[in-house]
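**Student:** Here's a structure for you.
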Amino acid sequence: MKQKIIIFGGSFDPIHNAHLYIAKHAIKKIKAQKLFFVPTYNGIFKNNFHASNKDRIAMLKLAIKSVNNALVSNFDIKTKNAFSINTVNHFKSCYPTSEIYFLIGSDKLNELEKWDHIQQLKDLCTFVCYERKPYPFNKKIANQFNVKYLAKCPLEIASSKLLNQPRKKLIPLAVLNYINTNHLYLIPTLKAMVDDKRFQHCLRVGKLAKQLAIANKLDAKRAFVAGAYHDLAKQLPVDQLVNIATSELKITNYPSWKVLHSYVGAYILKNWFGVKDKMIINAIKNHTIPPKQVSKLDMIVYLADKLEPNRKQEQWSGGIEIDQLVKLAKSNLKQAYLITLKYVQNLVKD
């Protein structure tokens, strides 16, 4: 009996639970001895990827521990390969007596006739297709290329949609922890949550927070992440913002809905995205109305938000020397924080 090998290619940026469901189902239905996840090379089309080749492989290796007979191949990445024919030929040479199956989604099925070397591929391997919404299984194209129907995938997950959706139930826990430990997807997540003007503000806050952290001998990367994410929830619809604040966080007493984004942003990072770093969570939560007891990171994010370079052009800063306060914050963080806090509080009273 011939050994059966499945090739499952894709960006896996990141790998998620739908990928794992499909892999397990394919192995079972085809009775395959091996399934290889083959991440696409991130080279020519760099803008299409958010995580590096190294990180995507690392996440795959963590994820496949739950899939029997699954392996990760770096062939496409190692050889900078962009053509499926090369991938299939590689596996044919490694397993010359095996049956090769090439796993695709119904979205790719519709493009199959446009693939390079499609007739050769048809002869070298058997295409198997899983159906994913909103792309129905195209029987006409399937018959043309002898594509076997696998099943419908009940999990509607797309890697691109994970940027502004709750991730905790959609991504394997080990992968989620890897993402958060290495602060992956920060930039695309911000871009998915806020408009460009707010995004640029977040980056400036992150960069200034990093500078202040370095000057105060604190974790620069943590400060950048907290600063960049501080306005994560700033542009949520008001009704959603208020609903999360009142229903999930039980906040009932607040001066204006405009301050709720700090609490909701911290909630989203923790409960949607699985961030466990309490210092980052608290710094974001405390950046609008700081409590009496604040950490150094709290002070840094608060200051970076109020003193980032573009604040000079804004009306609120008319009576405050931003450059001088930034300089002071690098040598005496607490003093700079107290001066800025008092100024802002007086401004609000007026």
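Every residue, even glycine, has its Cβ placed from backbone N, Cα and C.
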**Student:** Need one residue: from D123, D298, D305, the one Swiss-Prot lists with H201, H230, D231 for Fe cation.
**Tutor:** D305
**Student:** Run through the Cβ atoms and count how many others sit within 10 Å of the one on H230 (Fe cation binding site).
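**Tutor:** Here the count is 29.
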**Student:** Give me the count of other Cβ atoms within 10 A of the Cβ belonging to H287 (ADP binding site).
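**Tutor:** That number is 29.
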**Student:** Mean pLDDT for the region 'NaMN adenylyltransferase' (1-187), rounded to an integer?
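**Tutor:** Its mean pLDDT is 91.
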**Student:** Quick one: which residues besides H201, H230, D231, D305 have a Cβ within 8 Å of the Fe cation site's Cβ centroid, in sequence order?
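**Tutor:** Going along the sequence, the neighbours come out as R198, C202, V205, G227, K234, H287, A304, E308.
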**Student:** Whole-number Å distance between the CA of H287 (ADP binding site) and the CA of D231 (Fe cation binding site)?
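**Tutor:** If we compare the Cα positions of H287 (ADP binding site) and D231 (Fe cation binding site), the gap is 9 Å.
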**Student:** Using DSSP, how many residues of the domain 'HD' (198-310) fall into helix, strand and coil, respectively?
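**Tutor:** Once the DSSP states are binned, the domain 'HD' (198-310) shows 76 helix, 0 strand, 37 coil.
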